[in-house]
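**Q** So that we are looking at the same thing, I have put the structure below in structure tokens.
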Amino acid sequence: MPRLIKSAPGLPPAALADVADTVQVMLARLKTGGEDTARDYAQRLDGWTGEIVVPPEQAQKAGKDLSDALKQALDYAHDNIRRFAQAQRASLRDIEIELHPGLVAGQSSLPVGAAGCYVPGGRYAHIASALMTIATARAAGVPHITACAPPRRAPDGTAQGIDPATLYTMHLAGADTILCLGGVQGIAAMSYGLFGAPPADVLAGPGNAYVAEAKRQLFGPVGIDMFAGPTDVLILADATADPALVALDLAGQAEHGPTSPCWLITDHEPLARRVADLMPETCARIDGENGATARAAWDAMGEIILCNSREEMAAESDRYAPEHLHVQCTDLPWWQARLTAYGSLFLGADTTVAFGDKASGPNHVLPTGGAARYTGGLSVHKFLKTVTWQRATPEALPALARATSVISRAEGMTGHALTAEARLATLTPRACVANES
Ligand SMILES: NC(=O)c1ccc[n+]([C@@H]2O[C@H](COP(=O)([O-])OP(=O)(O)OC[C@H]3O[C@@H](n4cnc5c(N)ncnc54)[C@H](O)[C@@H]3O)[C@@H](O)[C@H]2O)c1
Ligand SMILES: [Zn+2]
């Protein structure tokens, strides 16, 4: 049986009901009040009274004050993320099959007409998120991409436009319309087609509880990538792992926020104890407020689980179904073959989760809170529809129409039977005989 070396006391029950109620009221107001209501929320919640639509020239110009090092890093990350998404798209092949003589059916992947990409920006400037959603929608072939991000606050509290690096990246990744709008009002503007953008068919991108709840409530008339909660990470480490590096990887991801779970599963008790000892000083290595955030997340949400074997470790990991799963053990092929529930897998001590968060290629928008049991992360597939088609010629009709007629009558659906039988009636006796023989 696995044993807890450090347990997670958790947080006081979150006011989730409040978020749901707030979002419901906001969406209803935004639906009727449109752009005026969106502007009103932008002012009230984010202090923003400037233009909502950012012209492409302004987005491009936002790059001029960025350092060359940042622009090169963004180009590197964009190239990896775009090429990974393009390879996903290329892996999808249309199919066509002759099921019977005269009966042909097929399947194609078609992009949605318009995507809405949310780029979060309240606490941090999530520059990489712009690449993850927009470049992926572009690779899927979506003809119109709207992207929104909240205005940032200057140190004196006054609202300014979208963070310049984020804005530049939204343009770089290929957004057609950029809105300076955050939270529920941003999601609603993209979904309802405000400010000149076409209404989104799919909404994608991470965000805080208000953003996630707005997407959840709008789902139905509009598609969403997934419902995302606080980010989480799980590290699997054996006796060969470096405790200092494991502690740093846990603390580094705990920086996301005080509600972000970070778990360590190991079969080596000295490692478990050493990491537990190292965590406070490791969190303190992270500058300023972020160090305190990581420490709060570790204290409330961090867990260390000691298992008796690697089989037990793998089973326990699958039960957690983490968003990010980092294996710092020997025999990586064994782990890759064995593990079945994760958003994205990071194989080996050299492959830190931050690589995937920022620059390596596979998407960082991933299922949280155990949702990796039933879904993977954001990919071109979320912007594509798998549609089917079929064509029947007279040669197929005797068998096909008869089967349809018999099943329809057995179901009591006479109208359906009649439509099938009418096709049989169009056949010349010769065709019928030819097909029956
Ligand atoms: N899993 C991932 O792939 C991933 C990547 C990047 C970011 N994230 C997540 O994105 C989130 C970013 O959150 P954030 O808050 O910093 O930025 P955000 O952009 O998601 O939210 C900011 C907006 O929240 C709205 N808001 C704030 N308080 C409100 C209130 N009381 N009522 C109504 N609306 C309110 C404001 O309109 C503001 O514009 C984090 O939870 C982070 O973990 C996840
Ligand atoms: Zn991260």
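Yeah, the Cβs are placed from backbone N, Cα and C, and that goes for glycine too.
Given the structure is predicted, the values throughout are model-derived calculations rather than measurements.
Per TrEMBL, the features are:
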ACT_SITE  E323  active site, proton acceptor
ACT_SITE  H324  active site, proton acceptor
BINDING   Y118, Q185, N208  NAD(+) binding site
BINDING   T231, Q253, H256, H324, D357, E411, H416  substrate binding site
BINDING   Q253, H256, D357, H416  Zn(2+) binding site
**Q** Would you measure the largest Cα separation among T231, Q253, H256, H324, D357, E411, H416 for the substrate site and round it to whole Å?
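**A** Farthest Cα pair among residues binding substrate: 58 Å.
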**Q** Measuring Cβ to any atom of ligand 1 with a strict under-6 Å cutoff, which of the binding-site residues Y118, Q253, H256, D357 qualify?
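**A** The binding-site residues passing the 6 Å Cβ test are H256.
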**Q** Look at each of the recorded positions, H256, H324, H416, and point out the one with the fewest other Cβ atoms around it within 10 Å.
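**A** Taking H256, H324, H416 as the recorded positions, the minimal 10 Å Cβ count falls on H416.
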**Q** Select, from Q185, Q253, E323, D357, each of the recorded positions with a Cβ positioned under 6 A from at least one atom of ligand 2; if none does, say none.
**A** Q253, D357
**Q** Which one of the binding-site residues (Q185, T231) has its C-beta surrounded by the most other C-beta atoms within 10 angstroms?
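**A** Per the Cβ count, the most surrounded site is Q185.
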**Q** Would you list the other residues of this chain near NAD(+) - those whose C-beta lies within 8 angstroms of the C-beta centroid of Y118, Q185, N208 - in sequence order?
**A** P120, C148, P150, G182, G183, V184, G186, I187, G207, Y210, V211, A214
**Q** So of all those binding-site residues, Q185, N208, H416, which one's Cα sits nearest to H324 (active site, proton acceptor)?
**A** N208
**Q** For Q253 (substrate binding site) and E323 (active site, proton acceptor), determine the Cα separation and express it in whole Å.
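**A** It is 12 Å, counting Cα to Cα.
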